[in-house]
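J.: Under the heading active site, Swiss-Prot lists Ser240, Asp459, His517. Under the heading N-linked glycosylation site, Swiss-Prot lists Asn130, Asn163, Asn186, Asn266, Asn302, Asn311, Asn414, Asn475, Asn493, Asn506, Asn598, Asn612. Per Swiss-Prot, the feature GPI-anchor amidated glycine maps to Gly631; the stated evidence is sequence analysis. Residues or ranges marked as signal peptide in Swiss-Prot (evidence: sequence analysis): 1-21.
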Amino acid sequence: MRPFARAALCLLAAAGHLAQAQFPPRPEGVTVLESKFGGGARISYKEPGLCETTEGVKSYAGYVHLPPGTLKDLGVEQDYPINTFFWFFEARKDPENAPLSIWMNGGPGSSSMFGMMTENGPCFVNPDSNSTRLNPHSWNNEVNMLYLDQPVQVGLSYDTLANFTRNLVTDEITKLEPGDPIPEQNATFLVGTYASRNMDTTAKGTRNAAIALWHFAQVWFQEFPGYHPRDSRISIATESYGGRYGPAFTAFFEEQNQKIKDGTWNGSEGNRHVLHLDTLMIVNGCIDRLVQWPAYPQMAYNNTYSIEAVNASIHEGMLDALYREGGCRDKINHCRSISAVSDPENIGINAMVNDVCKDAETFCSTEVRDPYQEFSGRNYYDIGQLDPSPFPAPFYMAWLNQPHVQAALGVPLNWTQSNDVVTTAFRAIGDYPRPGWLEDLAYLLENGIKVSLVYGDRDYACNWFGGELSSLAINYTDTQNFHNAGYAGIQVNSSYIGGQVRQYGNLSFSRVYEAGHEVPSYQPETALQIFHRALFNKDIATGTIDTSSRREDGKFYGSSGPSDSFVFKNEPPPQHVHFCHILDTSTCTKEQIESVENGTAVVRSWIVVDSNSTSLFPEVVGSAEPTPMPGAALVSGRIKFHVHVIKSFDYYIFI
C-alpha cells in the first residue's frame, strides 16, 4: 500500500461528529471462551455478518487474548497482555474440506485489513465508505482464510487501551488519564481510543513476533469452535515486510513442530499442537537486504517498462553508495558478522548490534533506495504511476471506523492502518538487514514446505529484480535444478498470459505483468490462480501438472523456457485518474492537503470534490450542494474536518 510518510500528515481514521462518537461502542454479543488448558488464555468472537455476504458462508471476527507471561516458555519476558485480532472467513466452496491460509500484511506495523479489503478478501468497500460489494476473485473461494493484525498494537490488535488527544498542527499526542475530562474538539484537536503506543509492549523484531504468533496459533487452531477442518493443511501468505515475516514465522513454527514430534518440547500441554504447514507465499516481499539492494538502482534506471526514473548520474551514485568501501554492502556485512556472534537469535539483546544494524539500514535506505523517491516524481509502489496515486482506493479506511462496523466486529478501539510505534520497535534493533531469511526458506524447502514467490513487475518498494535475486540465492538441495528451470508463461485463462514463472518442484518465482506492490489489487485473476495452484500442488504456469511427486527420471516438475525474464518487455500504463481521499494523504497533492487544513476544501465521504472525483464518483460527490461528511463541520459552505493522524516519520512503511 502507500508509504504513510510521504505527506506532511498521515490521516488514519475518521472521527465522529461529536466527541463521544469518536470512541467505539462498547462491544456487545461477544462470545468468550476460556482456554481448556488453563493459563488465562481466552478467545472472544462474533459473527459480524459483514463483507462476506455470500449465502451460507460464515465469518467470525474476534481476539485471542494472551495474558502476561505467556511467552516466557520460549524465553521472552512479556509483562503485558497480547490481544490479537483475527477475521476468519470460511471458504465459499466446501469449507469442511478446504485448506486454510493465514494472510498478513507487512509494515512492520501495518494492518492486514488493507490486504483483506483491497487485495484478496471477500469484499471491497464502495466509494461511499459505508457499503461493500463482493470480490469474485476472493482467496476464500476455495480456501479458508484467516486475516491477522500482528504484532500486538497493529490495526485492531492491542495490549492495553488508552484514550489520546491529538493536535494535528503541532503533531502532539497526549494520553488522557482516567478521570480526565474529554476536552472540547475542533478541526485540529481530536480524541480517540487506541493501543497503548508503548514501544516496550510490542514485538521487538521479527523473531519475537514469531514467538507471539506461534502462541496465538496454538490457542486458535486447537480451541476456536468455528474451524473444524478435515483438511488440516495450514499455509501462510504475506506481503512486503512479509518477506521477513513469512520465512521467519513459518520456519519457527516448523522448528516447534519438530520439537513436539521428537519429544524435546518441554512446554505446557496446551502448546503441543503440531501445525501442518503446507505453503509459504510471499507477495512482493523484501526478503534479504544484502541480496536485494542492487535491485533498486536497476529498477529505477533499467526496467522492462523502459522508464528511466532517475538519470545516469543519480543511478551511478546509487551504485557507488552500495559498493564503495564502507558503503551499504559493507555496513550490512558488518551488521551480520557481529549479530552472528552477539545476537544469533536476532532478538535485540545487544545494544551495539542493534545500533550497527540500524545504522546500516538507515544508510542504505537513504543512499541506495531513496534517490528514486527524491528525484523521480513516481510512485513508490508502482513505477508506472506518477505521484500522488489513488490506487488501491482507500475507501476501507473510513468503513472500518464506522460505528456499525465497530459494533459488528465487537472491537473496543479505533482502527488504524499503520502504527509507527511498532515500526520504530523493529527499527530500534535493526531488524531489516539482519541475516537468516534465505536460510529459513532453505529450511522450509528441505522439510517439504512449498515456497511461492510472487512479484508485480511495476513495484519499486520490493521489486521483482530483487525477488528474482532472492529466489536464486536460496541454497538448498535442488538449487541447481531451480536455476536450470526456464521461464514459462503463466496461462491465467484461455486468452491471457499473466506473467512468467520459474519453478522446480516446491519452489517457484513468478513475475506478474502490469502489477505494482499489491499484486492481487492489480491482477486479481492472475494472483488467485497462482495462489490456488501453489496450494493445490499444480504447476504455476498452467495449473494442469501435478508437482507433488517425482517423474520417472527421479526429478520433480521443472518449468521450461528462457533463462532470463527481462527479455519480456512492457509498455508504460496510462495514468490513473487522480482523486484525493483525506484519510490517505498520499493520494493528495500538497495544495489539496493545505485546502483541507485551512477549511477551503469541499469534501464528501472523505473525498475532496473536484472535476475528477465528480466524474469518478457522481453518486457520492456529485450533488449540487456541499454536505458535511460524518465528523465534519460545515462552515460558510465549506467543510472543516475532524480526522486522526499519527506521527509522521522519515522512513517508508512496507504494507
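Every residue gets a Cβ built from N, Cα and C, even glycine.
Provide an account of the burial state, proximal residues and distances for the features listed.
T.: DSSP assigns Ser240 (active site) to coil in the three-state reduction, placing it in neither a helix nor a strand.
The Cβ of Asp459 (active site) has Asn284, Tyr381, Asp382, Ile383, Ala515, Gly516, His517 as same-chain neighbours under 8 Å, each 6 or more residues away in sequence.
With a cut-off of 8 Å between CB atoms and residues at least 6 apart in sequence, the same chain places Ala398, Trp399, Gln402, Ser605 near Asn130 (N-linked glycosylation site), listed in sequence order.
The Cβ of Asn163 (N-linked glycosylation site) has 18 other Cβ atoms within 10 Å, all protein chains considered.
A coil conformation is recorded for Asn266 (N-linked glycosylation site) in the three-state DSSP classification, outside any helix or strand.
For Asn302 (N-linked glycosylation site), the same-chain residues 6+ apart in sequence whose C-beta sits under 8 angstroms from its C-beta are Glu308. For the recorded site, Asn302 (N-linked glycosylation site), the DSSP three-state label reads coil.
Same-chain residues at least 6 positions away in sequence with a Cβ under 8 Å from that of Asn311 (N-linked glycosylation site) are, in sequence order, Phe375.
Asn414 (N-linked glycosylation site) falls outside any helix or strand according to DSSP and counts as coil.
Sequence-distant contacts of Asn475 (N-linked glycosylation site), defined as residues of its own chain at least six apart whose C-beta falls under 8 angstroms from its C-beta, comprise Leu438, Glu439, Ala442.
The Cβ of Asn493 (N-linked glycosylation site) has 10 other Cβ atoms within 10 Å, all protein chains considered.
Under the three-state DSSP scheme, Asn506 (N-linked glycosylation site) falls in the coil class. A sphere of 10 angstroms centred on the C-beta of Asn506 (N-linked glycosylation site) encloses 25 other C-beta atoms.
Sequence-distant neighbours of Asn598 (N-linked glycosylation site) (same chain, 6+ residues apart, CB-CB distance under 8 A): none.
Within 10 Å of the C-beta atom of Asn612 (N-linked glycosylation site) sit 17 other C-beta atoms, taking all shown protein chains into account.
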J.: Quick one: what's DSSP say for Asn612 (N-linked glycosylation site), helix, strand or coil?
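T.: Going by the DSSP assignment, Asn612 (N-linked glycosylation site) falls within a helical segment, counted as helix.
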J.: So, three-state DSSP: helix, strand or coil for His517 (active site)?
T.: coil
J.: Taking only the Cα atoms, work out how far Asn506 (N-linked glycosylation site) lies from Asn163 (N-linked glycosylation site), in Å, as a whole number.
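T.: Rounded to the nearest whole number, the Cα-Cα distance is 48 Å.
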J.: Among the recorded positions Ser240, Asn266, Asn414, whose Cβ has the fewest other Cβ atoms within 10 Å?
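T.: Comparing Cβ neighbour counts within 10 Å for the recorded positions Ser240, Asn266, Asn414 gives Asn266.
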J.: Please report the Cα separation of Asn414 (N-linked glycosylation site) and Ser240 (active site) in Å, rounded to an integer.
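T.: On Cα coordinates alone, these residues lie 24 Å apart.
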J.: Just how many other Cβ atoms lie inside 10 Å of the Cβ on His517 (active site)?
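T.: The answer is 28.
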J.: List only the single closest residue to Asn612 (N-linked glycosylation site), chosen from the recorded positions Asn163, Ser240, Asn266, Asn493 by CA-CA distance.
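T.: Answer for the nearest of the recorded positions: Ser240.
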J.: Based on Cα distances to Asn163 (N-linked glycosylation site), point out the closest of the recorded positions Ser240, Asn266, Asn493.
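T.: Closest recorded candidate to Asn163 (N-linked glycosylation site) by Cα: Ser240.
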